[in-house]
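Engineer: Below you will find the structure I want to go over with you.
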């Protein structure tokens, strides 16, 4: 048997310096310390003051106390080196750090680089230094094996062989107990370490797999308890009796925490609850051990937690133990600091007794255990084949234990080293295969990205993003909207196709209008007034149709731009969320997975970001394409109108031509409201801007598109400018910055707090004041938040537009400004006024010459118009007839619905009346005291027959009502179908009338062009519908396959759940049986203790009686001696 070393748990106290957060919050220090490093004659003390002065300062005495400025090397000298020295002597040792979260446990145990190294790396360095020294000066040889595991949510995970999925059922390791080996973790990886670098690599890999998270108190908070074990086996080649082995457990406990301090929620909150539960169990074990040390007989609840079960030998078994308690000096942590000090104060009273682990002693004990197992096995096998199932199960159990014990005896150093190397080779192959798979996946994603860039198709890019987001398990929640983005793009594409078709129709009307203008020009060149009037008369209806077509074009353009800007804002928000998501997600992946998985996750996030950036560029190209789709060249057409109006220098015609020339020369200046200077915006002075909504709308429209700042409410510019919302001001500034680069330092994110919003408004105002060199600017951001002083806000917006216009380069003087799409209606109005003025002049000249033939032409035209009016009236009558029929159907539906409601109410009323009648009859039945038995039976029989008749009648009425209801439902359905058919007929009639109106007055060529444009539009719609149908069919098939897959997974999960439930029931039964056995053992133990106490009391009683008997014997002997002396005296005196 080895030597023994008895001692109490050694407790050391360390208080960290105040953190930056505590200093910024003005937290006072409440901890006073008297340092002591464990040397003889020193006594350390910790005094903790209550910041609220409710209690007296708490004073605690400890042998080792470290102050705020203690060096890491001093902590190692006082705590780490003595434990390592005892390990070399053959005694097991444990060092564990305890304290609240953020108090410096991990820093003390692990530390940082250089002089800030913690206990674990310093133990590692000195371990191999001493091994090298002893091997060079003696015949000793050493074998060092390391293991590293964590207890996360009461589940043990191997950090040197981490599992892929922590949430998988059965992924943890089991704790076992052996009569010789003691408490151990089954299947835990143990790796042979030959040098310092190998241990450092194991520590680094293990810490990467450890569970950490960010809380309000600690950015890298440990969410699990970790235990790094170093086993040292010493072998003397000359004297085998000196062969010893020992292990050193280096424990980093997760910190105790409170939810209000950490701000934990979700999974982090669950982790904190499990951490506090295990630490509470540890406190209960310490309390029980203290009671035991004081001589009381109490049960020690080691099995209440995996942590206490693993530390069972460290706290109350074969191990020397050192507890390092860490404190926070801040007043806000008073309760946690007081709890830690009380914890440590109790722990120092625990007594431990460590036995020197000699190899010979262990081998002899193992051999004895093997012999005992063989005897048990022979005993179970004596029953032969006819033994019970329990005996056969016991036999198999003993055989398994025997094999394990024989393996322990036969395993040597070479075998352990071989197993460790084989495990490392397997892990290396696994890492290489995973890296190859990750590289292949990354290459495939890069190829897909290059293909998307080459195709430059927005829809393909969105589909690629949807597929990538679905394949990445750690994708952020914001990417769940990617399918909605794809649907939004499809709607945008359809609207853009409709816009392109409308643009073709505009060009058709424009061509017809220009052909009529040519007829006017031919008449002007030949001075044929009749031909001029004919050309002008035909051009005015074409111009009106062109105006309506352009209005519809602008409406479609606004719809497309609004959809595009909505999608752009969603993509921008997703990109910002992804940028803020990626660092935190990388930290989580690094904490819970291996390096390759972390790199794969980061690569996926990077690719998602690149695809998002590509999609944003493609969407911007779509916006630019929208501008080209709405561009209609009207300059040459306006010049033709002006050319043919040159000879008409009479009054109104001359002024109309001048106005059209002004519009054509500078469309932007021509749309300025009255009172605004007629010059480019960049040449305005600050005093020349105005503060009205109309002028603000025009000024801002020269720089930005209103669709980009309308927001989700989709308000018109007039509604927004009537009382500008606070966010609208920032949106306008951001839009101006996107176009002109001003204001350069403006942040685009909308702040949450009121102070930050006011600061942002002030930043915009200061940038404007600086750019315009203004001494002061009459603006207050508070007015914007309150919705007051709207003119000041509008003036600020115009000044903002002025600054943005000055940042843009000026246009060349000789360049002609092309009219924008929203300026086309004004050009058309100008041409209309000019043509009508020219028509009046030409008609007046024709009237002066006398135009009898012209009157004939007018009569013919009037007759044609009358015929067209009659046809239109006939169509309108048909349409009105259809609408009346629709109204009659709707009225019939309402009448049927009313009748149904009346029937139901009547049925309910009749039911109520029948119920009241039954109640009256029941009341009449109550007074039967004066009736005989036969009278009662006769009365009851008659009433029963009446009730049966009423019931049968009611059932028949109910059946008839149900039939009527079915008939009414069928009638309603038929009427509804008829109403839908009528509505479809009305819609077709309206479309036909609109189509006929467009064709009236057109030449055959123009009618053919219009019909071809409509045919193209219909074919395009048919293709879109077919594509949508195919897409919907593919999506339906995908949903079906997904449902099948989910059903299969559901069945598998149900089977697993059933297995787990069965296993849980078995475990519960075993637990209950164990509890009953423990209770029985406890009862028997208490009975034995009582018997022992009674026997002890009997022994004490016998001892007391024996002592009394001895005293009596001594008294009798003394009396006999006295008698003998008296007899001798008498004989000497002559008496005989």
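Numbering starts at 1 and runs along the chain as it is shown here.
Just so it is clear, glycine is given a Cβ too, placed from its N, Cα and C backbone atoms.
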Engineer: With TrEMBL as the source, identify the stretch among 324-369, 370-415, 416-461, 462-507 annotated coiled coil.
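Structural biologist: It is 416-461 that TrEMBL describes as coiled coil.
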Engineer: Name the residue range among 584-611, 612-639, 640-667, 668-695 that TrEMBL annotates as coiled coil.
Structural biologist: 584-611
Engineer: Using a Cβ-Cβ cut-off under 8 angstroms and a sequence gap of six or more, which residues of the chain neighbour residue 104 (ATP binding site)?
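Structural biologist: Looking at Cβ-Cβ distances below 8 Å from residue 104 (ATP binding site), excluding near sequence neighbours, one finds 14, 16, 326.
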Engineer: Enumerate same-chain residues with a sequence separation of six or more from residue 103 (ATP binding site) and a Cβ-Cβ distance below 8 A; give 'none' if the list is empty.
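Structural biologist: Expected: 16, 255, 326, 327, 328, 333, 340.
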